[in-house]
Amino acid sequence: MNNFRATILFWAVAAWVTSGKPLGEMDEVGVQKCKNALKLPVLEVLPGGGWDNLRNVDMGRVMELTYSNCRTTEDGQYIIPDEIFTIPQKQSNLEMNSEILESWANYQSSTSYSINTELSLFSKVNGKFSTEFQRMKTLQLKDQAITTRVQVRNLIYTVKINPALELNWSFRKELLDISDRLENNQTRMATYLAELLVLNYGTHVITSVDAGAALIQEDHIRASFLQDSQSSRSAVTASAGLAFQNTVNFKFEENYTSQNVLTKSYLSNRTNSRVQSIGGVPFYPGITLQAWQQGITNHLVAIDRSGLPLHFFINPNMLPDLPGPLVKKVSKTVETAVKRYYTFNTYPGCTDLNSPNFNFQANTDDGSCEGKMTNFSFGGVYQECTQLSGNRDVLLCQKLEQKNPLTGDFSCPSGYSPVRLLSQIHEEGYNHLECHRKCTLLVFCKTVCEDVFQVAKAEFRAFWCVASSQVPENSGLLFGGLFSSKSINPMTNAQSCPAGYFPLSLFENLKVCVSQDYELGSRFAVPFGGFFSCTVGNPLVDPAISRDLGVPSLKKCPGGFSQHLALISDGCQVSYCVKSGLFTGGSLPPARLPPFTRPPLMSQAATNTVIVTNSENARSWIKDSQTHQWRLGEPIELRRAMNDIHGDGGGLSGGAAAGVTLGVTTILAVVITLAIYGTRKFKKKAYQAIEERQSLVPGTAATGDTTYQEQGQSPA
């Protein structure tokens, strides 16, 4: 009997472990099972993963892939997941081409061309933060060169995803966390989690992959070679092709003298060259094209990708356990997070290399190449602060307030007008000892103290001063750059101000370097063109129109000025403008990665949503109070839930019921106290009555005692 029980327990535990194992682990078991059974390699070039379309980087897996059926490609060469299908090329598709890329603006990726060219609001910056793009742009501008690219591409399979597949367990869990925050009205935390989702899974989902290999040579040759050469563009591409053939041994039997003459001038003007073997065997000098092709079979990689935006896959079909309206809110929140990622990595500026206003860091042209710079006077900055909550010992405004050195107060000097740049709430957590009296039955009381965590809040309002009329020369402040805790001052290449300048504090951690010394400070002075933020434009763009018509200012820089990031303050981008050509040297900046929103120090009060109704199809979802899972509600359940929320008219509301309960408890306590007091009083009165009666008849008691004694002695 004991053996039977042990067997049952063993299989129960085994079943629980199997059912409780994450899908990712189940997938690994399936892969190994198929490899052992079929003795075939697994196709590693698979769609269904996340993709960062700014950096051209593969991200976390979005779609779930399983190997329960041990499927293979049509040619039986590779094991593939159940959720994908392949389109094999019946014959080897070997392609060789040469091209000239005169400008970085029309550069196309070798391995992600299709997904980079998808049309969207921010498609102009797709791939602009990839390693290959930044390398090419830097070399073109540094060497004043153009780029030639020769490549041999061998396509083996096109791998596509099945539209009916499911979301990966980890990705789905993060979506459920976002939905839980949204349904409980914790919007700020939901935004923060959505930005973390973009950080982990990218901006798109790969739906199709071209599997194969590519051998690529990129040369950078002086731009003057193409301009001064009597040869045509086709002759230059032919020279690039011949240079590639010299690198990769094509084993041509004939070698013409004209080929040597044609390539000699090309090679003498080459400033940089790189050969990449993407897939196949590693490249080495002298490798033959035949040897490289023969090594492709077991070394397939993705040589092109197609995909759709991440939020496209957040729909009711993918999340059937959630109410449709809630799924739409999750999708919109993720879409907004992706757009914010694109926005904070868009660098407007002049992209014309021949313009004096050229901005090396700009990745989108804003039409500023033709503008002429105007000298503007800078009236300083200041910041006001109001404490909203917190202990007396937690004074937030002491480090948030900043007076204008030109006035010594929170104001602008004469002839200048204040521009409110941004208003935000600053939060800081603190602990303090909180004591209160705790009583039982209103009689037994004691003092209870506990360490309580609370959040102090203060509102700060940042202003800068713009000239509203003609001001005297040298009346404002000199601008010497700025820096924050996460950025350096381009004037000093450090988190500091130039000599003769002092910092003014703005926002929570921005330092603006200014000087009032026009003799010593002019050496490091930078022509300043104003501030603007996500909420307020720059009045210097067209001051006459803004002042006369009262229309909102444009969020851009005046002509002759270039835009630069000051900081991202809790999801809001603040930019400043300096003379074009300054602060644009050095290397290209890396991508600014999310999250950009600061998570709340304490969770907001939850609204505990229990019913979601879809107005489009009149369907309602109810959240189970025990399992916290959503399900479609029946009419009877809906009426019962509505009665629980709003009351049925015959009962008491939650507050009324609490009041009645408290009242009854108090009355009972009073009654019990009075009863105890009355009982004690009654007993005391009874004792007093007996004593009085005894004092009135003392003789009776004495006679009785004597008689008793006599009776006791008479027999003697």
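Along the chain as shown, the residues are counted starting at 1.
Backbone N, Cα and C define each Cβ position, glycine as well.
It should be emphasised that the depicted structure is a prediction, and the values quoted were computed from it without experimental measurement.
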In Swiss-Prot, Cys445 is paired in a disulfide bond with which of Cys439, Cys449?
Cys439
Out of Asn255, Asn375, which one does Swiss-Prot list as N-linked glycosylation site?
Asn375
Of the residue ranges 248-256, 302-310, 338-346, 563-571, which one carries the transmembrane segment annotation in Swiss-Prot?
248-256
In Swiss-Prot, Cys34 is disulphide-linked to which residue out of Cys70, Cys350?
Cys70
97-104, 113-120, 689-696 - the range that Swiss-Prot marks as transmembrane segment
113-120
Per Swiss-Prot, the range holding transmembrane segment, considering 127-132, 427-432, 625-630, 643-648
127-132
Look up transmembrane segment in Swiss-Prot and report which of 235-244, 525-534 it refers to.
235-244
Could you tell me the C-alpha distance between Asn168 (N-linked glycosylation site) and Cys70 (disulfide bond) in angstrom, no decimals?
19
Using C-alpha atoms, which one of the disulfide-bonded residues Cys70, Cys435, Cys577 comes nearest to Cys445 (disulfide bond)?
Cys435
Closest of the disulfide-bonded residues to Cys70 (disulfide bond), Cα to Cα, picking from Cys435, Cys449, Cys534, Cys557, Cys577?
Cys534
Highest CB neighbour count within 10 A among the disulfide-bonded residues Cys369, Cys534, Cys577?
Cys577
Could you check what DSSP calls Asn375 (N-linked glycosylation site) once collapsed to helix, strand or coil?
coil
Please compare the glycosylation sites Asn168, Asn185, Asn375 by how many other CB atoms fall within 10 Å of each one's CB, and tell me which has the fewest.
Asn375
